[in-house]
Ligand SMILES: Nc1ncnc2c1ncn2[C@@H]1O[C@H](COP(=O)(O)OP(=O)(O)O)[C@@H](O)[C@H]1O
Ligand SMILES: [Mg+2]
């Protein structure tokens with residue numbers, strides 16, 4: 001029977017090729033997107049699920065309680081040893097520190113090689129906690145020793161080509177020599193480790209890095225600390241026990257730490273601690289559903305519209321012995337055939353789109369990962385779901401057709417039903433498209449706002465160059481002077497970090513004037529020489545810049561600092577005592593700087609102080625002339641190289657850095673652009689199918705109207721009006737929904753654009769335009785046909 | 001007794017008025033009969049036939065088919081009954097355009113859940129009996145009207161119904177083709193099939209052993 005259904009299904013589909021194509025294409029796009037989304041979601045959901053003891057692995061994180069709570073995925077550097085020695089909860093504890101973009105020098109086949117790589121410093125126990133197997137190693141050596149390293153197979157290939165990686169040595173940041181003593185199997189794709197070079201943690205101590213110290217007074221996000229707990233531990237009890245640590249080691253700090261254990265499964269999904277935002281995954285899933293539903297809606301609409309043309313067949317079948325459920329299943333098998341085709345084309349779509357998808361989301365998804373039981377389960381489910389979703393309603397409608405009427409030809413289009421359902425579904429399609437368009441508009445306006453609003457500092461034509469090693473104050477000054485001498489360079493400043501767009505954020509507590517206690521809030525520190533204000537065009541609202549001095553005696557603060565401590569008149573701040581960083585900074589306030597956005601727009605402007613301390617400068621900022629930029633850049637590089645002969649030169653533009661803060665948003669934007677385009681495309685296919693049907697149904701009416709003198713425009717208007725009504729209704733539903741959703745999204749931003757009514761007007765109008773274009777060809781074609789022709793056929 | 005209709009009334013309501021399609025119909029049909037129904041266009045012949053065939057309902061009266069009271073049966077049972085015992089032949093043939101001759105013949109058997117081999121044998125049998133073996137792979141559009149009607153009749157007979165209902169089976173055929181169909185009916189009747197046909201032609205009606213005349217939904 002089923003074979004017979006399939007055969008008939010096939011013939012029916014071939015008979016109505018255009019509608020079949022529309023149905024298949026619409027569903028195929030839905031399938032294709034669903035497959036990509038499936039890959040994306042399963043990639044994320046499979047994160048770090050391969051570690052044997054993953055349910056006992058935890059990361060230590062810190063809640064910083066001040067006037068607000070900050071969440072940091074790290075603990076003070078001394079935490080790990082204390083936890084190891086004084087507590088008995090864990091089998092293993094391991095620290096991990098990341099160094100990004102750090103220089104490596106080595107010789108390969110008598111050639112000097114200089115590269116920059118990201119790398120990790122790890123305690124040997126890290127490999128006891130996690131399952132990253134070694135492929136080969138020098139068995140007499142261990143990662144416990146300083147100056148040893150592991151590389152992954154890929155990294156070995158990248159650095160040393162086909163030479164044996166074991167025993168190779170490299171200069172690290174021109175400071176220490178490290179030796180490769182082991183080769184790790186490549187990491188699975190879904191894991192937290194991305195760096196293929198792992199150096200012993202002991203090395204870090206020699207490199208004089210904060211993460212390698214044993215202090216309780218500060219933290220760095222470059223450090224992470226993991227533990228493999230003994231079986232059956234009560235995490236809450238451990239966290240309670242850990243409450244004593246801050247009391248013991250940080251009793252005077254206004255920054256009250258609470259250490260917590262984050263399960264490994266949460267690491268990838270907790271945005272508080274730098275994980276991916278599950279909302280993104282949800283958004284993906286929901287959009288996938290949207291696209292599939294739009295495809296199904298097309299199918300339902302076209303099938304129910306077609307039901308009339310099949311009523312005779314159904315009548316005959318019923319008279320010859322078919323029961324309702326026969327017809328229902330017959331129709332469902334047609335849907336199934338269509339879905340299978342759509343699936344095939346969807347898989348092709350997905351594999352064609354995958355490279356662009358990967359580059360957009362910086363993922364490495366592979367079609368091969370589809371060859372899994374889960375995927376086949378997913379596809380089978382999708383096939384059945386879609387067949388039922390789109391097949392059952394038309395199936396029911398058709399099986400209800402009364403045979404006598406059908407055979408007598410007494411049925412008209414309304415008797416086969418579904419016309420009001422069609423309207424509802426078309427409204428739903430339009431609504432989805434309007435929501436997606438509105439979302440696209442709001443996201444792009446927010447990005448535009450964040451990038452193009454005056455941030456309070458100058459970010460145009462500013463080049464940022466790293467200072468790769470510490471220089472004597474005099475040397476540094478001579479370098480900046482020489483750079484300033486370049487004709488294309490207008491201003492130069494050496495500093496810890498740029499005013500905004502920098503990841504180098506350093507917070508510290510502060511004591512103001514003669515107040516007895518440190519303040520609750522923390523301040524951001526901007527260390528820089530005297531040219532900082534000029535170079536970035538920062539505005540003084542009171543007082544003056546600091547004078548040149550060998551130690552920190554004078555500081556500048558921003559207006560926000562005044563607000564935080566309750567002094568609204570900047571003048572009042574001048575001359576007041578200022579202590580920070582636990583007494584390391586003791587100075588007086590000499591000037592107040594107008595507020596600028598030091599973080600991105602999700603963050604509130606911080607209270608900031610600025611001071612000079614060459615020891616801490618990390619980069620040089622150069623304001624350059626927009627003429628002859630390339631000459632200027634070459635000259636800057638030359639001058640820099642004179643000072644840092646052994647280092648790789650790198651620079652970037654400040655405005656790029658500011659934009660990079662919104663990479664995530666850019667991704668959301670591309671996402672909503674692509675998916676609205678797809679939604680609209682599938683929707684248009686459906687509209688095209690419907691208009692074909694409507695025009696067919698009303699040829700006689702069109703003929704009569706034409707005979708009575710109606711023009712092409714009138715007839716176009718006749719059809720357009722119907723659709724526009726539906727679009728307006730869709731708009732009425734879509735506007736509050738998308739307004740609400742986008743308002744929720746914008747809540748994530750401290751500084752945000754407003755949602756205007758015209759955004760929705762634009763969305764609705766664009767849908768109207770697209771619909772008009774979609775329907776006009778068929779409508780105009782019908783309208784210019786000689787009316788006598790269409791009347792005669794009746 | 002094959003079937004018996006007693007005081008059958010059928011009407012439709014239109015604009016507050018009751019329009020009678022069938023009025024006080026009484027009919028007994030024994031197995032092996034061949035009845036012709038005649039009457040002017042619009043007199044209710046098709047409606048009458050559809051009521052007998054249980055494709056259509058009625059509003060008053062009683063109808064017994066093989067000693068079952070059709071009027072008391074649920075729709076599903078009624079459908080079962082007519083599917084088992086009644087074959088239909090239509091003026092417009094009503095073959096499925098997408099199916100070949102062979103597949104059209106096979107279709108009623110599919111709904112009866114017969115096995116493939118059994119179906120094949122029965123179809124082959126029919127093709128042979130109606131002399132259309134050579135046409136088995138053609139689609140209806142490739143056949144002449146007479147041939148299509150042959151297929152229609154073969155399809156109606158394939159599940160060996162007790163009763164064959166034919167609504168103007170020759171209405172779309174020329175007189176020679178019509179005559180052939182009538183000869184076929186005669187032969188089928190002699191083989192034991194009960195036939196009720198609707199026709200406009202006196203000549204065709206004469207093939208029946210009994211003639212019923214309808215006027216405005218009433219037997220005269
Ligand atoms: N469902 C219905 N509703 C209203 N009128 C009907 C219906 N079915 C049939 N008729 C009318 O009943 C009369 C008899 O129809 P029909 O049985 O087809 O006549 P015949 O087959 O004798 O030409 C016709 O006038 C027809 O228009
Ligand atoms: Mg009739």
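Quick reminder: no glycine exception, Cβ is built from N, Cα and C everywhere.
As annotated by TrEMBL, domain 'MacB-like periplasmic core' applies to A:20-242. When averaged over the domain 'MacB-like periplasmic core' (A:20-242), pLDDT in the model lands at 94.
The domain 'ABC3 transporter permease C-terminal' (A:286-401): residue composition by secondary structure is 103 helix, 0 strand, 13 coil, according to DSSP. Under the heading domain 'ABC3 transporter permease C-terminal', TrEMBL lists A:286-401 (among others).
Annotation source TrEMBL lists domain 'ABC3 transporter permease C-terminal' at A:674-787 (among others).
Per TrEMBL, the feature transmembrane segment maps to A:21-41 (among others).
Among the features that TrEMBL reports, transmembrane segment is placed at A:280-302 (among others).
Annotation comment: TrEMBL describes A:327-350 (among others) as transmembrane segment.
TrEMBL lists A:370-390 (among others) with the feature transmembrane segment.
Remote same-chain residues near the transmembrane segment (A:424-443) are listed as 287, 290, 293-294, 297-298, 300-301, 665, 668-669, 672-673, 675-676, 679-680, 683, 686-687, 690, 723, 726-727, 729-731, 733-735, 737-739, 741-742, 745-746, 753, 755, 759-760, 762-764, 766-767 (criterion: CB distance under 8 Å, separation of at least six residues from the stretch ends). Per TrEMBL, the feature transmembrane segment maps to A:424-443 (among others).
What TrEMBL records for A:674-695 (among others) is transmembrane segment. Counting only same-chain residues 6+ beyond the ends of the transmembrane segment (A:674-695), those with a CB under 8 A from a CB of the stretch are 18-19, 22-23, 25-26, 29-30, 33, 287, 290-291, 294-295, 297-298, 301-302, 305-306, 422, 426, 429-430, 432-433, 436-437, 439-440, 702, 719, 722-723, 767, 770-771, 774-775, 778-779, 781-782.
As annotated by TrEMBL, transmembrane segment applies to A:707-735 (among others). Cβ atoms under 8 Å from those of the transmembrane segment (A:707-735) belong to residues 423, 426-432, 434-435, 438, 687, 691, 694-695, 760, 763-764, 767-768, 771-772, 775-776, 779-780, 782-784, 787, 791 of the same chain, restricted to positions at least 6 beyond its ends.
Under the heading transmembrane segment, TrEMBL lists A:755-775 (among others).
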Outside the transmembrane segment (A:755-775), six or more residues from its ends: residues with CB under 8 Å to it: 430, 433-434, 437-438, 441-442, 445, 680, 684, 687-688, 691, 719-720, 723-724, 727-728, 730-731, 734-735, 738-739, 742-743, 746
